[in-house]
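*Asks:* Straight from TrEMBL, here's the annotation block:
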| type | residues | note |
| --- | --- | --- |
| TRANSMEM | B:12-33 | transmembrane segment |
| TRANSMEM | B:40-60 | transmembrane segment |
| TRANSMEM | B:66-87 | transmembrane segment |
| TRANSMEM | B:99-117 | transmembrane segment |
| TRANSMEM | B:142-162 | transmembrane segment |
| TRANSMEM | B:193-217 | transmembrane segment |
| TRANSMEM | B:229-253 | transmembrane segment |
| TRANSMEM | B:265-282 | transmembrane segment |
Amino acid sequence: MRRGPVRALALLMAVLLLAGCGGSATQSPGSSSSSSSSGSSGSAGSGTSSGSSGASNPSSSQANLPDEIEIGIITALTGSEAKFGEAHMRGYQIALEEINAAGGVLGRPLKLIVEDDASKPENAISAAEKLATQTKVPLIIGSYSSAATLPAAQTATTYQVPFIVPTAAADNITEFGSRYVFRINSPSSEYASTVVNFLMDQVKPKTMAIVYENTNFGTSTAQPARELAEKAGIQVVAYEGYAKGAPDFKPLITKVKAANPDVVLYVSYLLDATLLMRQARELDFNPKVYIGAGAGFSTPEFVREEGAGKDAEYTFSATLWTTDVAWKGAKEFAEEFEKRYGVEPAYHSAETHAALYLVKDVLERAGSLDREAVRQALAETDMGPDATIFGPMKFNEKGQNAHPMLVTQVQDGNYVTVWPSEYAAAAPILPTPTWSERK
Amino acid sequence: MELLAQLPQNLVSGLLLGGMYALIGVGLALVFGVMDIVNLAHGAFLMVGMYTTYLLVNHLGLDPYLGILVSGPILFVLGMLIQRLVIKRIATASHMNQILLTVGLSMVLVNTAQLLFTADYRQIRTSYAETVIRIGSVSMNLAYIISFFLAVAITVGLYLYLMKSEFGRALRATSQDIHAAQLMGVNVQNVQMTAFGLGMALAGAAGALLTPVYYLYPTVGENFGLKAFTMVVLGGMGSVVGAALGGVTLALAESLGQIFVGHELKDAIGFFVFILVLLFKPEGLFGRARA
């Protein structure tokens with residue numbers, strides 16, 4: 001009889017292991033998985049349909065353009081990332097209406113052919129195949145997660161269809177040697193270099209602590225940040241991973257505080273970012289700068305009461321886009337977006353909005369819907385900082401846009417762009433006031 | 001030297017967190033340790049307690065600690081209902097059946113919460129959580145201190161109740177030998193139902209104490225559910241006080257262990273201590289060896 005509990009415990013562990021595997025997929029509290037969905041990219045089979053890559057070019061000269069110009073869109077309308085697919089669609093919608101109201105492209109209205117990848121890599125592949133062979137679009141824009149985007153980009157490459165990436169951040173998407181893939185946003189590795197460049201430009205710290213979530217997301221930013229900081233002459237005095245979702249970070253912060261760093265870099269999602277800042281206040285930990293690498297430190301909830309609230313004040317973060325950035329149309333877009341949907345736009349919507357303006361520019365320069373001509377025009381893109389609300393567009397030989405990343409600071413409860421100075425809306429407040437100096 | 005400087009803060013942090021761990025462990029000890037039902041839904045019960053507190057605070061403006069007086073009875077009744085409708089059928093079945101059933105129950109509760117509240121995370125803000133007390137280099141959050149003392153009070157109260165009251169005697173008798181208890185005129189059915197209700201109410205109380213210092217989302221209970229089992233076995237099966245001390249031990253091990261290894265390994269430290277105890281004192285730290 002009393003042997004029962006021990007056996008039960010063994011069973012229990014087994015069940016929990018199983019439950020853990022299945023459970024983790026649905027466990028995405030809040031908008032925690034916002035930026036840098038680096039995740040398991042590449043794991044999805046790259047072996048797309050190896051067969052006929054006979055690109056069926058809808059070779060249409062300017063004279064015989066169709067009545068509407070159809071553009072292929074892949075995004076996550078359903079599934080675990082549906083929230084971000086919605087953000088994508090809102091950006092597309094506003095841009096589409098603006099472009100068509102202004103006369104369309106090449107004198108024709110644009111039409112979006114939207115395929116749902118249901119947040120799954122295999123669906124992204126079939127969506128790309130469908131758009132390439134049945135709808136016969138001149139180009140495709142997609143998708144949200146890196147896990148879905150990489151195989152879709154590989155499929156598009158097989159069919160020789162130009163493929164624009166608006167959001168997916170895994171570095172390898174532009175690294176597989178495709179001539180057809182063009183990415184608008186910065187890859188995840190840029191977060192680290194932006195943080196270090198900002199620090200060297202504005203703070204010149206001697207010492208730094210890096211505190212990161214011990215997952216792929218955390219280490220893929222923390223490791224390059226450590227290397228770049230040390231190369232720049234900043235001594236990394238604490239490099240601490242943490243298990244996410246812990247109720248008590250005080251032992252961790254105590255340890256970091258004892259190392260007395262000038263700067264603390266947090267690589268955290270929203271839940272932990274909130275507790276890390278709250279408990280840093282409780283422990284009266286006063287480095288000169290708190291800076292986050294996007295994610296939790298650049299989500300709208302972080303500065304509000306349901307996040308860190310006033311504990312978020314003065315924190316810096318590297319980010320891709322802000323509503324107050326000095327790129328033409330960003331502010332107006334934010335106002336229109338808020339009027340329509342009642343919320344502030346996240347950068348995902350700005351990316352897709354800019355993607356359609358890129359398409360307009362590209363098709364007009366190509367002068368046709370021929371895929372090779374479109375690809376050529378994409379490669380030659382050179383749009384200035386005011387051409388889109390997401391800033392300048394110019395792709396390198398790998399198809400990566402040189403998107404200037406921004407640094408924000410929370411000032412009076414709002415994210416304010418403070419660096420680089422040419423896009424800044426305000427000057428950074430440095431050094432961070434100590435907790436006791438704050439109101 | 002530098003390590004020693006961290007010691008007081010980690011000791012206090014671990015102890016305060018331990019108070020809450022204790023309450024979580026005690027609730028499971030009643031169901032798993034005493035009634036011998038492998039309850040994998042304990043974490044989900046905790047979650048239900050947290051959402052109940054959240055609703056009471058946000059919609060009725062109740063103080064989260066006073067909220068226990070409301071959420072406790074609600075969860076108590078809910079627990080009795082669940083016992084009567086679901087658990088009772090597998091009370092004497094094999095542990096495998098109990099695991100399957102309670103995992104299913106937990107899934108239903110978690111997904112219901114997801115349906116009602118979405119996966120967004122929430123938190124309540126109280127003046128307690130904003131108040132920090134500093135003694136020397138040690139800082140304490142008032143909400144943690146209150147939660148700690150309430151947890152201790154509830155645990156002690158429960159212990160006295162189980163030891164002194166008629167129901168407590170009946171419960172202990174039932175856990176020792178269900179047939180003999182029945183022959184002695186104990187209403188075993190009622191005892192089991194009440195014990196399960198109490199277990200759920202305690203999980204709810206722990207949830208209420210956790211809400212002001214943590215955040216909540218539908219799967220929040222997973223972390224704590226697993227730890228609760230560790231606490232119960234660590235403290236010694238069948239002992240309510242043992243589970244409470246097991247909770248404090250686990251929290252202290254996690255907190256103090258971090259001085260030497262990183263935070264990312266804190267769960268590993270907790271389980272390492274657990275394995276050591278199982279190896280050298282399989283009856284648990286505070287359990288009596290049983291025949």
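Cβ from N, Cα, C; glycine included.
Keep in mind that TrEMBL annotations are predicted by a computer and have not been checked by a curator.
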*Asks:* Which range wins on Cβ pairs under 8 Å with the transmembrane segment (B:99-117): B:66-87, B:142-162, B:193-217, B:229-253?
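*Replies:* Of the candidates B:66-87, B:142-162, B:193-217, B:229-253, B:66-87 scores highest.
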*Asks:* Find the member of B:12-33, B:66-87, B:193-217 that has more C-beta pairs under 8 Å to the transmembrane segment (B:229-253) than any other listed stretch.
*Replies:* B:12-33
*Asks:* Quick one: find which recorded stretch in B:12-33, B:40-60, B:66-87, B:142-162, B:265-282 has the most Cβ pairs under 8 Å with the transmembrane segment (B:193-217).
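*Replies:* Maximum Cβ contact count belongs to B:66-87.
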*Asks:* Who are the chain neighbours of the transmembrane segment (B:265-282) in space, where the CB to CB distance is under 8 Å and they lie at least 6 residues beyond its ends?
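*Replies:* That would be 227, 230, 233-234, 249-250, 253-255, 257-258.
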*Asks:* Restricting to the same chain and to residues at least six past its boundaries, which positions have a Cβ under 8 Å from a Cβ of the transmembrane segment (B:40-60)?
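*Replies:* Hits for the transmembrane segment (B:40-60): 24, 27-28, 31-32, 67-68, 70-71, 74-75, 78-79, 99, 102-103, 105-106, 109-110, 113, 116-117, 122, 124, 126, 199-200, 203-208, 210-211, 214, 216, 218-226, 228.
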*Asks:* Would you kindly list the residues that approach the transmembrane segment (B:12-33) from elsewhere in its chain, counting only those six or more residues past its ends and only Cβ-Cβ distances under 8 Å?
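*Replies:* Counting only partners 6 or more residues beyond its ends, the transmembrane segment (B:12-33) has Cβ contacts under 8 Å with 39, 42, 45-46, 138, 140-141, 144-145, 147-149, 151-152, 154-155, 158, 195-196, 198-203, 205-206, 209-210, 224, 227-229, 231-232, 235, 237-240, 242-256.
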